[in-house]
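Taken straight from Swiss-Prot:
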{"type": "ACT_SITE", "residues": "131", "note": "active site, proton donor"}
{"type": "BINDING", "residues": "185, 188, 191, 245", "note": "[4Fe-4S] cluster 1 binding site"}
{"type": "BINDING", "residues": "195, 211, 238, 241", "note": "[4Fe-4S] cluster 2 binding site"}
{"type": "DOMAIN", "residues": "173-205", "note": "domain '4Fe-4S ferredoxin-type'"}
């Protein structure tokens, strides 16, 4: 075993020990295949009012512009599939937001992984990324062999489905690189057929400006009336395309205590949601990603669903 293989194996083993679901590594270079796709997606205004998607176009496609002398992209996934879910007949929030804000949880684990690399390998330059910088997470995870990008544009695996977060360490260390896996979507169109707002405009292409997650989280203005009655009771985010995916039959509950829901969340009825106060909002969602939409945003969403 050469040094690169040894270092790669050490990093992967520690990632799993820290609770990550999987870890893969790819060479830090320009994403040639993704460049024209991203350009076309932006040109067709599929980012809606997410102006930040238009910024740092070059950096999104080349990690060497984000990290000096970048050699490797270490991609990691962290399971968030819950053991318990909201009851039927109430307003719904995406399962990723049940527990503590994933940014904070994952950053803590990435910091530990960086410290491990420094201790075991030596001084390694790099940066950690958790859905908060111009990095194409899913593209790097796919290049690293962690899964394939499904027709709903989420990363998929045969063994664990798609309910997991993706994070990266971009480092100036040469490592052994993994290979992409085969696409196993086949002729299935379950996600396309089930999308309440027809946001999956063709296989592998999601029009972000039509997605319920966009309307309930990203959009700051009023939700267009043309979508009234099409939200299937989703008040924050939407999991429909993942819920109907056959590969998610194999999703297993996470083992991260911080992702467990607030005790009051699962028992909220529609009436509770409609009468929610700012105090209750702060109590239940103080540490959740739901706080991103703020109390006023959640109220707007619920009013739209009534």
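Positions of Cβ are set from backbone N, Cα and C atoms, glycine also.
Recorded features from Swiss-Prot, shown on the structure.
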residue: 131; record: active site, proton donor; CB count, 10 Å: 14
residue: 185; record: [4Fe-4S] cluster 1 binding site; CB count, 10 Å: 19
residue: 188; record: [4Fe-4S] cluster 1 binding site; CB count, 10 Å: 16
residue: 191; record: [4Fe-4S] cluster 1 binding site; CB count, 10 Å: 24
residue: 195; record: [4Fe-4S] cluster 2 binding site; CB count, 10 Å: 23
residue: 211; record: [4Fe-4S] cluster 2 binding site; CB count, 10 Å: 24
residue: 238; record: [4Fe-4S] cluster 2 binding site; CB count, 10 Å: 26
residue: 241; record: [4Fe-4S] cluster 2 binding site; CB count, 10 Å: 27
residue: 245; record: [4Fe-4S] cluster 1 binding site; CB count, 10 Å: 24
Contacting positions for the domain '4Fe-4S ferredoxin-type' (173-205) when only residues 6+ beyond its ends and CB under 8 Å are counted: 4-5, 7-8, 11, 24-27, 41, 46, 71-72, 74, 117, 121, 124, 126, 142-153, 156-158, 211-212, 227, 230-232, 234, 238, 240-247
185, 188, 191, 245 excluded, remaining Cβ within 8 Å of their centroid ([4Fe-4S] cluster 1): 150, 151, 152, 156, 189, 190, 192, 241, 244, 246, 247
Cα-to-Cα gap, residue 191 ([4Fe-4S] cluster 1 binding site) vs residue 211 ([4Fe-4S] cluster 2 binding site), nearest whole Å: 13
Cβ within 8 Å of the mean position of the Cβ atoms of 195, 211, 238, 241: remaining residues of the chain near [4Fe-4S] cluster 2: 152, 191, 196, 197, 199, 200, 206, 212, 213, 240
For the domain '4Fe-4S ferredoxin-type' (173-205), the number of residues DSSP places in helix, strand and coil: 5 helix, 4 strand, 24 coil
Distance from residue 131 (active site, proton donor) back to residue 188 ([4Fe-4S] cluster 1 binding site), taken between C-alpha atoms, in Å: 28
Distance, residue 241 ([4Fe-4S] cluster 2 binding site) to residue 185 ([4Fe-4S] cluster 1 binding site) (CA atoms, angstrom): 13
